[in-house]
Amino acid sequence: MGLEKSLILLPLLVLVFGWVQSSLGKETSAQKFERHDMDSTGSSSSATYCNQMMKRRNMTQGYCKPVNTFVHEPQTAVHAVCSQKNVTCKNGNSNCYKSHSALHITDCRLKGNSKYPNCDYQTNQLQKHIIIACEGNPFVPVHFDASV
C-alpha cells in the first residue's frame, strides 16, 4: 500500500517542482523595464554605447531589437513619473504617464544595413519627456511607450 501511494505522489511532486522552478525564473514586467530601459549610472558619449548596452542587456539574442531607449535618471525619479500626467498609451490603454520635465535618455536605433548577429545601432543622446506605462501595487513602470 505504501508503494502505491508513493507512485501516485511522485508525478504530483514532479509537476509541483516543475511549476515552482519555472515561476522562479520568470522576469516580471517591472524587472524587464529595468533591464531594457534603465541606466541610472549615466549615459556615455561613446558612439558604441548602444551596441554595448543592447548586447549587455540581452536585446540582441536571436534577432536585433530595432529600437530601444535608455533612461539616465535615478530609479526614484522614473518611478515618480507614474504619479504624473496620465496620458493614453500608443496601444490605446490608459495606464501611461508623461514626465513633467525632460529627462536624459539615449535613443538606440538599428542602422538600416545592420543584420543579426552583427547588430549595429545609432546612438543619440537626448533630453525629452518620457511616456511610460505603469502597473501594480506598488505602482511601478512596466513599459517605455515613447519620448516627446
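Note: Cβ is positioned from N, Cα and C throughout, glycine not excepted.
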Cysteine of Cys96, Cys108, Cys119 paired with Cys50 via disulfide, per Swiss-Prot: Cys108
Second cysteine of the disulfide that Swiss-Prot assigns to Cys64, among Cys96, Cys119: Cys119
Candidates Lys32, Cys89, Cys96, Cys134, namely the recorded positions, that fall within 10 Å of Asn58 (N-linked glycosylation site) by Cα distance: none
From Lys32, His36, Val67, Thr69, Cys119: recorded positions whose CA lies within 10 A of Cys96 (disulfide bond): none
Rounded inter-Cα distance in Å - Arg109 (substrate binding site), His36 (active site, proton acceptor): 14
Fewest other C-beta atoms within 10 angstroms, as judged across Cys50, Cys64, Cys119, Cys134, which are the disulfide-bonded residues: Cys64
